[in-house]
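For reference, TrEMBL has these:
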DOMAIN    25-213  domain 'DUF2207'
TRANSMEM  257-280  transmembrane segment
DOMAIN    298-541  domain 'Predicted membrane protein YciQ-like C-terminal'
TRANSMEM  430-454  transmembrane segment
TRANSMEM  460-480  transmembrane segment
REGION    589-611  region 'Disordered'
COMPBIAS  596-611  compositional bias 'Gly residues'
Amino acid sequence: MKRFLKIFLIIFFLLSLTYAKEYGIREANLTYDILPTGEIEVKNQLTYDFSGSFSRAWMTIPKGGYSIREISVGEIIDEVYLGYTYHRETSEKIPQTFDVVEDNNQYKITWFYRANDTNKTFVIKYKLVKALKVYNDVAEFYWKVWGGDWDIGLPALWVEVNLPSSIESTEDVLYWLHPKIDGKIGIRKDYKGIVAFAGNIPPHQWVEVRVVFPKSYLSNLDPSKVELIPKDGKALILDEEQKWQREELARQERVNLFIKVLSILAILLAILLLFLGIFLPLRIYFKYGREPKVEYYRDYEQEPPADIPPAWVEALVNQSSSLSANSIVASTLELARRGYIKIQEEEKKGLLGIKYKEYKIIILDKELENDLSEELRLLLEELKSFGEEFYISELKKKDLRGFKRKFDRIVKNYVFKEKKWINEEGKYKLYGIIALWIVVGILLFMVFSFSSFLKNELSFLMVFFWFILVINIVISAIFIHPVQRYSPEGKLLALRWKAFKRYLKDFSLLSERPPSSLVLWEKYLVYATVLGVAKEVLRVMQMLNVPVDQITWYVPASTISSMNIAESIQSFSSSLESFSNAFTSSVASSTSSGSSSGGGGGGGGGGGGAG
């Protein structure tokens, strides 16, 4: 499971890098002033929010039967307009300049500035010629005020279309906002034009305004500045809009039916996924996780069931491939017991003269025995890397995570693979199922991300599916440990070690052991440490007056020979317990971690960006 957590962290880190530099447009205020001649003066006021460093922005306007003139760019600073200077684009990206490039398809307006984690308001102005259609009876302004080429969404779009004459009668003016989006359009309160608002515009979604007013409003009409159409237009436009509304109504009914069917299918699919999320782990558990039956009825084992290293015991008893600090402490005691190191206790004075104990590990010059296990050899080499003598407090200064991973891996290899005491096949199958759910989740995310329809209309389904997938992942994760299974030999050996642990905890039985058998007590102490019952064994050793003064691998701060046997046992017990706590602490600290339908026929549009 840790492996998948690491993968998630890596993906999250990469996504964080991806989005370290980004921009957005908070709002766009667009004004279209229709002049009495038929020309249209345009003012685009865009407020950008920048996260990261930016120096360039642009917008594009597709070409049509109209032309664009008198282009200018500026910036509002402290409510004061600052005009930019026209300058051809250079590699230096000179601040407060702009450039215009025209090709066969579009006009591209680019401007340059300096922005770093701030917001700026830019103003782009130009004049449209022949963008207004003039019929015999009416004039029509039909324009994509927001193009479909923007890669970012827009929270708020405000549009004003100011007519060349005040509105005499509300029945004289017709207006529509396309397509059917979260927006409204209506006549200004002063009757001088039309105002429209659209909110939460997704990326690549165009918005257009269509305004129709009497031709007579153009008091100084210049035929060369407009597109003349020699026929009545009002009835044609009304018919077209009504047709689009009928088509949109039919389309919306089809969409609603599709959403209903898709929602039902999605619920059925979610039920199927949830069923599989429960069924598959259960099937794997019953196939791989049920323990074999062995004939073993003893309550206690009076001797260690097998002559194996202490770390193997923890891995076997706990069915764990990630060992605790107890294994490292017990392995250190085992190295000391076998004569490879010596542990020396020292009393020191700290601040205010307060005494405390420090423990030194001394590396002894002993040739490696053939039966010294691989992880004990690794531990010995790691201890040697600190020098011939060092205090265990120095362990905190070194990152031991790499060593710990290797130590765990070696022990796991022997216990799980070579000895085959524990079968992990079911666990790996569960990892595969978890990976499957993650892949399904990523695919769903990609499908919803690349489909604006699914994102806008059925976004709740993605949340629903992800909720089901998270449940499935949690269920599979819960079964990861239970699906590990002992082999018959491993099961019997684990039961015997647990019985031995019970024996070590039972004072009445343990006290029957002869106190003079120091070698046996030393071995008991090593296994008691890894089994978590060292205190109980030390207490019994104290009660039985075990001759700890004969232990050569542990040197206390006080001279044991000068004490009586009871004092020496108590001192040894206290010192060894303190050493274990200090060593465990050192190892742990260094290894943790309102609109209408239709549309699409207006001029303008385009998009933009920043970099």
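Positions of Cβ are set from backbone N, Cα and C atoms, glycine also.
Here the structure is a predicted model, which means the values were calculated and not measured.
Sequence-distant contacts of the transmembrane segment (430-454) (same chain, at least 6 residues past either end, Cβ-Cβ under 8 Å): 1, 3-4, 202-205, 273, 277, 280-281, 284, 461-462, 465-466, 469, 472-473, 476-477, 479-480, 483. Summed and averaged per residue, pLDDT over the domain 'DUF2207' (25-213) gives 93. Remote same-chain residues near the transmembrane segment (257-280) are listed as 433, 437, 440, 457-458, 461, 464-465, 468-469, 471-472, 475-476 (criterion: CB distance under 8 Å, separation of at least six residues from the stretch ends).
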